[in-house]
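Asker: Pasting a structure here, questions to come.
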Amino acid sequence: MGSVGQGSSFKDATTVHALSSHTYEGHFSDDWCIGSVPHGGYVTGTFLRVVEMHFSTTLASQKQPHTIALHLDFLRRTQTGPALFSVQDTKLGRQASIIHITLSQSGRNEVVGYFTNSNMDTETGVSFTTSYRLQPAPEPVGLNLLSQDKDKNWACQTSMPFASFRKATSKTQFFFPRSGQRTKSSADEWIRLRSGEKWTNASLGYVCDMWPMPIEAFIRGENPYDGKNTLIGPDRKEKPTIRRMWYPTMLLNVDFKKTLPEEGVEWLFVRVEAKQIKNGRMDLEVIIMDTEGDIVALSHHVALAVGSERNLAERRTGSSKI
């Protein structure tokens, strides 16, 4: 494992095992990392596998299989290898239940989060159709043509910038607008998994953190995520003046609007936008939609922009920070 474009599937890489009714163990794989650090969306997806297992076993009587909201705080860098997830049943209710999970490795608490579960299949209450639409609307797409990289509006980007460092990006096939992204501070994409796996409710945790980083367009002076960019491809050479950056997530929230089919879906659309980039810190708004144009999930991030040496630095014991 560890070579770009190969390695473990998402399902295998996020597999967890119960150690007790409230503790679970996973194993973070090198090929799902950014540098030496497991990708934040991959970590989020593993958390969601823990939640799935907990609500199908220990809390099965709640009959609340669907995560409708989550919040994660990334306290320290995670690392490859064993990962321990400790669960506290914070509030068990008839309509929704909330659990708290702590991820620890080598005796360090590294990520903490709250997860709210309900049953979307049995939810009732007032419902109204709003007038919300993506503005401006994304370019039209033909999925049959997209899968052959023949769609007139969307082009496949075969590799992302610094792909050997950002190994987790190799797991996804990205399609960007041939006419270019609308602005430097935002990006649209159609994505599917290279492994042939389908997007599932658990892998939405990965989707909410796998997209073009808008800040790259400002750093480079040209947008590396434009379908019109002739530099895309596995043989692209990075300019020596382009500094390799790392964008660690400090915290993220996800609001799940609908469940995906049990068998999963091949394609998802994602729009990401940064409203302010200042002093090495930025906000990121993420909108995930299915092929019907329905909102699947909304996500908000607070992230840093730092040199990649911070990612690769030796970890301190006890008080290691991002």
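Using N, Cα and C of the backbone, Cβ positions are placed for all residues, glycine too.
The domain 'Acyl-CoA thioesterase-like N-terminal HotDog' annotation in TrEMBL covers 29-117. Taken from TrEMBL, the feature domain 'Acyl-CoA thioesterase-like C-terminal' applies to 169-304.
Please go over these features one by one and say how buried each is and what sits next to it.
Answerer: Note on the domain 'Acyl-CoA thioesterase-like N-terminal HotDog' (29-117): mean pLDDT across this stretch is 97.
When DSSP labels each residue, the domain 'Acyl-CoA thioesterase-like C-terminal' (169-304) comes out as 13 helix, 53 strand, 70 coil, counted as helix, strand and coil in that order.
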Asker: Count the residues of the domain 'Acyl-CoA thioesterase-like N-terminal HotDog' (29-117) that DSSP assigns to helix (H, G, I), to strand (E, B) and to coil, and report the three numbers in that order.
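Answerer: Breakdown, helix to coil: 23 helix, 43 strand, 23 coil.
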